[in-house]
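Features as listed in TrEMBL:
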TRANSMEM  71-93  transmembrane segment
TRANSMEM  100-118  transmembrane segment
TRANSMEM  124-146  transmembrane segment
TRANSMEM  273-292  transmembrane segment
TRANSMEM  312-335  transmembrane segment
TRANSMEM  356-379  transmembrane segment
TRANSMEM  391-410  transmembrane segment
TRANSMEM  417-436  transmembrane segment
TRANSMEM  448-467  transmembrane segment
TRANSMEM  479-504  transmembrane segment
TRANSMEM  686-710  transmembrane segment
TRANSMEM  730-750  transmembrane segment
Amino acid sequence: MPEPQSKLSVRRCLTFATGLVECLCFAGAVFGWAALVFVLKEDRYFSSLCVNATGLNGTQTLDCRAQDEQFSLIFTIASFMNNFLTLPNGFLFDRFGTTVTRLYGIFLYTMGTLMLAFSSSALAYLLFPALSFLAVGGILFLMTNMQVGNLFGSRRSTIITLYNGAFDSSSALFLIIKLLHESGVSLRSAFLFLSACSVVHILRTFFLLPRKHIPYPLPDRYTYGVSCGKSVAASAEVAANGEAHPAAEEAPLTKNAAVRQEKTFRECLLSRFFLWHLLWLSVMQLRHYLFIGTLNPMLQRLTGGEASLVSQYTNAFAITQLCGVLCAPWNGLIMDRHKGKPRAAGETELEADLRASVLSLFLTALQCVLFSLCASTPFLPLQYLTFILQVLNRSFLYGGNAAFISVAFPSCHFGKLYGLIMALSAVFSLLQYPCFALVKGPLGGDPLYVDVGLTLLSVLAFIHPVFVSESKMSVRRCLTLVTGLVECLCFAGAVFGWASLVFVLKADGYFSSLCFNTTEVNDTQILDCSAQDEQFSLIFASTSFVNNFFSLPIGFVFDHFGTTVGNLFGSRRSTIINLYNGAFDSSSALFFIIKLLHESGVSLRAAFLFLSACSVVHILRTFFLLPRTFIPHPLPDHYTYGVTCGPLETESSEVTANDCALTGAEDTPFTKNIPLKQEKTFRECLLSRFFVGHLLWLSVMQFRHFLFIGTLNPMLLRLTEGDSSLVSQYTNAFAFTQLCAVLCAPWNGLIMDRHKGKPRAAGDLVDIYRRS
């Protein structure tokens, strides 16, 4: 006889709650490795690899780079196994169901905790299999819990992402072990307790989970667990139909995919969606794994080896991991925000799901770039922000990964595709160990070049959301957008990072002849460099004047020969234009990077010769990824451009002939199809109140900004009383904040485009006059 509805509800709530506790307290413990490394070093694991070395001033220091490499290798192998074995584990789950898979996972997890419990400095090599067993057993806990979301219908995605966040937060388990160790509790006692908890996992397996899979959609009065009688047939039916595909970290586990969406596994594997998604996941996962695996040596370097500070920042990192359970559900809400709303005319459910996933994919890539930039900056207090961005990005990364696979591909291939993409990304993540060896070897412990390289690599993740959002358009348009963004972000507005370059120029003695000794009231001799500061300010004032004044002739040239990438993307045009302007502002950090390189021994000549060589890339982009004249708006059907385009002379000429659009401005939407009733002569535009008021609006604020940038260095010298280390610190902080412009600017575009798609009021003029 079926169980009463109230009893079913209680069982489902218990299943959900105990699954959350299981993921939160056990599943992802391996990613708290940095906290455990601190304990292992105190217990002298691999201490025989430390050797005495002579410092620069002749003092004896302890060189433990080989020990750090060993710990990094352990985490590299464990993280690789965590991902690579997802493929066979997915097949295991699909074939044998929940009970068999969980018993296997519990066995591995228990073996891992027992090995850690009985390891010691003499048996340190037990850490290699122990951490790998913990990683694989933990991911099996997560995989078997993902199907619990199927019990809760429309809240399924939110519950699945919540479990993923709990998985991330469970990395704080090793922090608790670290704190207990500092209170006198041994590693053996802690891990023996974790081993004993396997009894709870076994009980939950039999009493609160089904023998096979939880189906979706859920049958009426569905029951499961040892007390269920009728559900055996239901479970058998589900297994026979092959509907369950739960071998994924955040999979919605949809089992009712339309037949028209089904492709062969080979077609899915060779699709551009799969390849771009693999790149998106791999580059960001590599950045996270390298950061976690090298966190302890990084903190040792930034704190100068001060153990109390290293412990403080390690604790802070581990505590932030607890926030993963709070961050992850937001990604599920973003992915599900369109559910229950009417779709656009002609839009399929698949297209609506893909459209909803774009924002999640883009935000995840953006978070990773910011996280990588913070991690690359050798400023200790900034690492608190790094920890926050890391846990936020990691929560979004794995949820977005499984959710995208579930909506972009047929559900019948979900387990295989998810397992394969995790396995391939695991192979890519093996690059973390060569990177670590490179830092410890040829780079002498300075990770700056590796960090910069990984940050640039992370930018590639933006290709995926752009490609998904414009999947019906050519890849050429996506490449045009991405390369344009990189061009603006890395080159266009470098001059506005003048304050960083001034610091380098002063260090190299530029205009030093203008400095002279002067005597203060108390007869002390000081160096008066006010004339030198005036010279640097004059250079920036001249440059900023030329930058703005020549916008007029450049605007006329652009009207005849220019191009506008924003027009390729229709209703998102203003947002893209604002994004480019934000990237322009953020590119002022280029001089900050040159400053950091200069402090690492790279000369100004080498840095600027490299920038000169990059002109080849700009030339290639001009011919291959941009049109010869304008990109028209609205865009004609099947519009093409670049060196392969031929039949666009008529369209280009027609656009060029329409000369009513004023283009040379920094944030202009470049609209070339304003209705005829609004056309004015250039003189009428110039004498309009709109133009005069806008000129005043821009001029007063721009003047304040230019004056601030041009006088920042002398201002800092005055406020710090000439302390060069403080001046450098604040100059770095200023340059770093400039990077945030690329995040701020698109919001202005969204504000300007907020009325798109909405009916206008009666008698409203064209859209451009309504923008605020």
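The backbone N, Cα and C atoms fix where each Cβ goes, glycine too.
Just so you know, TrEMBL annotations are computer predictions that nobody has curated.
With a threshold of 8 Å between CB atoms, the same-chain residues lying at least 6 positions outside the transmembrane segment (71-93) that come near it are 30, 33, 37, 40, 46, 100-101, 104, 127-128, 131-132, 134-136, 138-140, 143-144, 246-248, 285, 289, 292-294, 296-297, 415-416, 418-420, 422-423, 425-427, 429-430, 432-433, 436. Between the transmembrane segment (356-379) and the transmembrane segment (479-504) there are fewer than 3 Cβ pairs closer than 8 Å, counting only pairs 6 or more residues apart in sequence, which means the two stretches are not in contact. With pairs at least 6 apart in sequence, the transmembrane segment (124-146) and the transmembrane segment (448-467) have fewer than 3 Cβ pairs within the 8 Å limit; the two do not touch.
Of the recorded ranges 124-146, 273-292, 312-335, 479-504, the transmembrane segment (417-436) has the largest number of C-beta contacts under 8 angstroms with 273-292. With a cut-off of 8 Å between Cβ atoms, the residues of this chain six or more beyond the transmembrane segment (479-504) that come close are 459, 462-463, 466, 536, 539-540, 543-544, 547, 565, 568-569, 576, 579-581, 583-592, 594-595, 598, 604, 611, 614, 618, 621, 625-626, 709-710, 712-713, 727-728, 731-732, 734-735, 738, 742.
Within the chain carrying the transmembrane segment (312-335), a Cβ under 8 angstroms from the stretch's Cβ atoms is held by residues 24, 31-32, 34-35, 38, 157-162, 164-172, 174-175, 178-179, 250, 295-296, 299, 303, 353, 356-357, 359-360, 363-364, 380, 383-384, 387-388, 390-392, 394-396, 399-400, 403, all 6 or more beyond its ends.
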